[in-house]
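Visitor: Sharing a structure here in structure tokens format.
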Amino acid sequence: MLKNDDTIVAIATPSGYGAIAVIRISGNNSIKIIKKIFCSFSKNQIETNYIHLGYIKYKKQIIDKVLIFLFKKPKSYTGEDIVEISCHGSIYIQNKLLSIIIDQGARLANPGEFTLRAFLNGKIDLCQAESILDIVNSETFFSHKFAINQMRGNISLLIRKLSKEIINLLSLIEFELDFSEENCNFINYLEFKKMLYNIIKKLKTLIRSFKIGNALKNGISVSIIGCPNVGKSTLFNKLLKYERSIVSNIAGTTRNYIEDSLIINGIKFRFIDTAGINNNTKDYIEKLGIKKTYSKINKSDLILYVFDDLNEKFILKKVKSLQEKYPKKKIFIIINKYDLIKKKIKEFNYKKIFKISAKYGYGVNNLLSEITFFSKKITSLKENTIVITQTRHYESFKKAIFYLYKVKKNLYSISPEFLSIDIRTALDYLGKVTGEVTNEDILSNIFSKFCIGK
């Protein structure tokens, strides 16, 4: 069992110097500890739900002038007694206060342990716990919006409704089992299949939402690819509006991919400058770079295929070859160095082709507008749509659907006892999302990603 009966302490604010810092204590002895070291200016009893001004004193020495906040269980973040100390942001003061509180019987918290205790004490479910980390890490309007919705319990509520529907299916099967000796069928199998189909349909909608949710949370991946020395790095820098990648007229300068982000209209884009594709190279390092390029292409939402000439047959051959290898990928053809090309484009048999000069910026804004427009098509959502952003949830929902499909397939061919096992397994996978069914390994993996003070 996970132990949570002692008192923990941690610095809750980012490390380093600052105007203020916050130190958080949680556990049965947190208020007892603060009463030993805090001298209130008001000389009154330290009460909960009030802010108190005073000194932290230790061995007759004043350490700092602080504000303290007391939260009595169960009305606190962790469901335990909590004290938060707001002190000056000196590194010495922070470490000294931490040391004093540990001397008084607390121990240093593990990463995410405050939120873990909130989960163990029933203040939040596992889905909401993950959303807190997402809120802390949110960089854009949409990543913040999804995290807030998850924290409010929107996904948890939907899972509870789906679980209830699955329990109804299970009840029908169990009822059939209870009266199996009567040689009577109590299940209306047509109605049962209809209920099963509706549950699967809702789960599939959640699974489909993951592509959108993941893109909006982690960023839309845009890989810039092409032969060596066609201007990929120059375009990469121009899109980011600063010199992020080394630019040289020597072919093969970029041996590894370089990635950086840009936020446009609340959406995060992850632009990736890749190694030039030279299938004839004998250079081992260059081959490794090209291998990574193809790996990035496979994971990209959009590919910018850069060329620096107008050989239509060559270009379409290259694009067709890539499209055959990655049939679901969206590809934009980029004709770079257009200012140097004497033969101008009249017609070109491809939907998305952009004439640019990455060096001088010609056509880059138009390209950026099209990239933004593309993002809207893959991220368009109806108002109040529930979207999943966690890979863990996605995998659990896929497993739940797998077992429900087994029930659908075997409905008329196997004993209700075996159908019951598959339905229970599907129910368990939904329970894993909210933490109703879990183990210590899952909890450790989730909460280890938090900072120590959270």
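Placed from the backbone N, Cα and C atoms, the Cβ positions cover glycine too.
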Visitor: Given that Swiss-Prot annotates GLU84, LYS123, LYS454 as binding (6S)-5-formyl-5,6,7,8-tetrahydrofolate, state which candidate in ARG24, ARG160, ARG208, ARG392 belongs to that site as well.
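Guide: Matched candidate out of ARG24, ARG160, ARG208, ARG392, per Swiss-Prot for (6S)-5-formyl-5,6,7,8-tetrahydrofolate with GLU84, LYS123, LYS454: ARG24.
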Visitor: Across all chains shown, how many C-beta atoms besides its own are within 10 angstroms of the C-beta of SER233 (Mg(2+) binding site)?
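Guide: Here the count is 24.
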Visitor: Which one is it, among the binding-site residues ARG24, GLU84, LYS454, that lies nearest to ASN229 (GTP binding site) by Cα separation?
Guide: LYS454
Visitor: Looking at the binding-site residues ARG24, LYS123, LYS454, which has the shortest Cα distance to LYS232 (GTP binding site)?
Guide: LYS454
Visitor: Of ARG24, LYS123, LYS232, LYS454, the binding-site residues given in the record, which has the fewest other CB atoms within 10 A of its CB?
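Guide: Least crowded of the binding-site residues ARG24, LYS123, LYS232, LYS454, by Cβ count within 10 Å, is LYS123.
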Visitor: How long is the line from the C-alpha of ARG24 ((6S)-5-formyl-5,6,7,8-tetrahydrofolate binding site) to the C-alpha of SER233 (Mg(2+) binding site), rounded to the nearest angstrom?
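Guide: It is 46 Å, counting Cα to Cα.
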